[in-house]
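Below is one structure, written out as structure tokens; the observations come after it.
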Amino acid sequence: MNSVLESTSADLSLQLSLLTVDDGDADRAPSTPGEPGPAASTPLRPANLPSLSASPAPYTPSYTSQNPPAGSAEDAVSLESSLCSEQAEKIPAAPAGGAQSSDTFYCLSCSTKVSFRNRAGREDPDADAQRAKVMYSMIGGLSSQLDVIRETIELPLKHPELFSNYGIPPPRGVLLYGPPGTGKTMIGRAIANEVGAHMTVINGPEIMSKFYGETEARLRQIFTEASQRQPAIIFIDELDALCPKRDRAQNEVEKRVVASLLTLMDGIGQLVVLGATNRPHALDPALRRPGRFDKELEVGVPSAAERADILQKQLSFVPCSATAEELTQLADGAHGYVGADLAAVCKEAGLHALRRALGGSQQPSDQQLKGAMTVTLQDLQWAMSVVKPSAMREVAIDVPKVRWLDVGGMEEVKLKLKQAVEWPLRHPEVFTRMGIQPPKGILLYGPPGCSKTMIAKALANESGLNFLAIKVSFNYHCVFRKARAVAPSIVFFDEIDALASERGSSSGSGGVGDRVLAQLLTEMDGIEQLRDVTVLAATNRPDMIDKALMRPGRLDRIIYVPLPDAPTRREIFSLQFRNMPVAQDVSLEDLVARTAKYSGAEVS
């Protein structure tokens, strides 16, 4: 047949064989040539199927969202066709009567159209919440957030009478916001499992349609189905893609979707809407008022103790030889790692342990692997060297393995940097007790080639802080936001005199340099505090830097990096001679005497 099929790749014969049709009575008279055949989708029954009713009625198949075709949970099938007169003469008509039967046959002709329409909502698409059964006890590092969840979501869904008896309106929506990978979606799945509620997942970008009214219709259908299966939770992931600010909407579709969601949230019953986004500032303000998303819960970057809790939960089902103290030390150095990053660390550590257990064997037996597959502290440390914080992937650089021992001399400079950066990190309680504020910014200045950049890299490596190097083309606001997210961290400005020259000194640039400097000053000492973020800058022209940047509270620790003296030059020569063959007649002292007033780069 030359049927026109508008469908997915589903098996058409299987779909038709599993249809359950509620068909009424109809007089089926064989058509004669030149007359139209039976109506669309007319079922042809076997002759032995008894007639249940004699009252004639036109046949009209109907499908509803509550009674979809059996065997297809995702597709609603509609058949629209007309049979050719020649086919109608050859196929006997069904006897009058109506019955519920799956023993129904359909004849497809050249005018048959079959369309499979995807349902707007879907129930937990990857079914992780049902198969893996994510529970509160499996979520690490989010104890404070889970306490709020129990109060605002679990209690109203489990005991709605408590709220109705005291006249307290239950919350209609909860907004989870925070960086990617912090566990927002995992919280949503755990809520559905703990409460035993029906859960429908909406991914913001997927529900959007270019056709007029289709997106709003999908939303209405999802809310209607959820309201019929109360208690229910509608989880909207990437909410900012579905409901951006209407004054910044690019087209009318986005405005209508926001208005539709606002109306639907005002009319829900025992139903909770859970939204997740990492851009709460991009949401329409009408969504964030009380009565819609009543509660906003931040799921931020975990602290050291929370990271240790996450590691312990992730490794609870894995044979691991690392002790709790070792995991705590590992978590202390995992600055800026979120839950997804730590899960990736555990996965990589498991793969590393598996490769070690396999050795060179391609097809090992279970007996060979039994007992040999154990994750060690060394596996976790190796995994952390491979997996970097996800927030650092756009701005992080590969810091060379430069240590203090690789920097010849400069002992006074090293000590000042350790006091300014390492001591507050290692002894925070002492600084708190003494009321001492660690410096927010450090400026290294001196002649060119005096190892200022190398000292900065050694500081980042020795302190274990996340290291962000700034280029001219970077967005300062974005960089400092990421630095706060992965704190404690170091933001390094090399040749800062080119980025923050004195205002009014640049001509013909239209004030671009002044605006860049103003943004930098605001980020370093503005309304939003820069906690656990150290700004490290290097220059050989401190006289070119704007005075507002040099005041206390910004670059408040200024360290001079001089030309290397004789002991420093001797140490630099010794470090350079470690990896090269040196003749016996080469006099180190003679080289030191000959290189007076040389910079460190020139000596190297």
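Including glycine, each Cβ sits where the backbone N, Cα and C put it.
TrEMBL entries are annotated by machine, without manual review.
Annotated features in TrEMBL:
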REGION    23-81  region 'Disordered'
DOMAIN    170-303  domain 'AAA+ ATPase'
DOMAIN    438-565  domain 'AAA+ ATPase'
- If you run through the domain 'AAA+ ATPase' (170-303) with DSSP, how many residues end up as helix, strand and coil? 59 helix, 30 strand, 45 coil
- Query: Which residue counts does DSSP give the domain 'AAA+ ATPase' (438-565) for helix, strand and coil?
  - Reply: 46 helix, 29 strand, 53 coil
- In the domain 'AAA+ ATPase' (438-565), averaged pLDDT is 80
